[in-house]
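Taken from TrEMBL as is:
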- 1-34: signal peptide (SIGNAL)
- 115-339: domain 'Peptidase S11 D-alanyl-D-alanine carboxypeptidase A N-terminal' (DOMAIN)
- Ser148: active site, acyl-ester intermediate (ACT_SITE)
- Lys151: active site, proton acceptor (ACT_SITE)
- Ser205: active site (ACT_SITE)
- Lys310: substrate binding site (BINDING)
Amino acid sequence: MSRSVSSFFRRIGLVSLMTVAFTAASVASFQAVAATGKASASAKKSGKSKSKIHKASMQAAVGDEATGAKVRKVVIVKGKRRVILVERGARPMRAAFVPAAPTLGEAMGLRATPDALALRSSVALVMDQGSGDVLFQKNASAVLPIASITKLMTALVVTDTHQPMDELLEITEDDRDYERNTGSRLRYGTMLTREDLLLLALMSSENRAASALGRSYPGGRPAFVAAMNRKAHELGMNDTHYVDSNGLSSSNVSSAMDLAKIVMAAYKVPLIRQFTTTAEHTVNANGRTLHYVNTNRLVRGGEWEIGLQKTGFINEAGRCLVMQANVHGRNVVMVFLDSAGNLTRFADAVRVRNWLERSPHVDAPTQAATPLRNVPVSQPATVLASEQTHGT
């Protein structure tokens, strides 16, 4: 009996111990699983955090790279649009101002020459066409580039040789301006008569037109330029030398005294008088209608009695103007070289006209005329005859 009871209790104790052990093992296993889950979640969270940091780092790197990339920015310099390259994200730097190179007359100090009419041209000459008397002069013997005034001699050579004016001439790539890369509305392949080309060259200072006139001369351009210099010699233009038919080279040079001679010679040719004083003209260029206007504002304004004129401009020459005009019943020749601005050559012509009208009997060479008030270049009645700006 006692042995059986003892055996029974021993079995109960063993089962209890096994249950306790199993329970303890289960709890331990559960805690281990929970701990593993937390560790895994923590690891995932840490991984995400590292991923975000890496992504942010990459974005920062990309941002740095983008900041270092150059982009185009448009800035305004002295009222003109300029495109510059700047670092993205950086403030655009203002383009450095580069002053224009001085004209030859300015470099020679001619603009500093005082005169009684307060002209803004470095060189000026006023001559009585009938008598040849010099009425006013300022640096009249200085030899300077003359730009498109060259085209007056081009016209004299063309008319002297009596080439057919109705002959069709083609604008080719040989007429391109390699000197200054100026543009033209006359495309390669355009066919126009010699008459139209001469009109555009004189009235609107069309460079390709003048080039084609020289190229189509018997013997080509070299023969044409030689004829220009021969004609200058015949006219006694000893300060003058030509190298092309359009005036784009700064090696086309002359003096005011010489230019007065060519103005008077060209004035004797009715066609040149007509073409230089035509206010506007339209041509049909291979099916395209092209409208041109005179480069001289005084011609377009209609307030002057102008018999012949020509304008000119390249950087080395400044703004230039030659004219034959009737002022107060007197035919005079005016020459202005190296004017300081786009409108000042016309304003100088107005100053001279006003002086002649106030002193109609002046007949002696002078540089000491009665001083006039400065004529504003914006005065619409006399200078700004047209609001357009065309050519040279």
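Even glycines carry a Cβ here, placed using N, Cα and C.
All TrEMBL annotations are machine predictions without curation.
Lys310 (substrate binding site) sits 8 Å from Ser148 (active site, acyl-ester intermediate), taking the CA atoms of both as reference points.
A distance of 8 Å separates the Cα atom of Lys151 (active site, proton acceptor) from that of Ser205 (active site).
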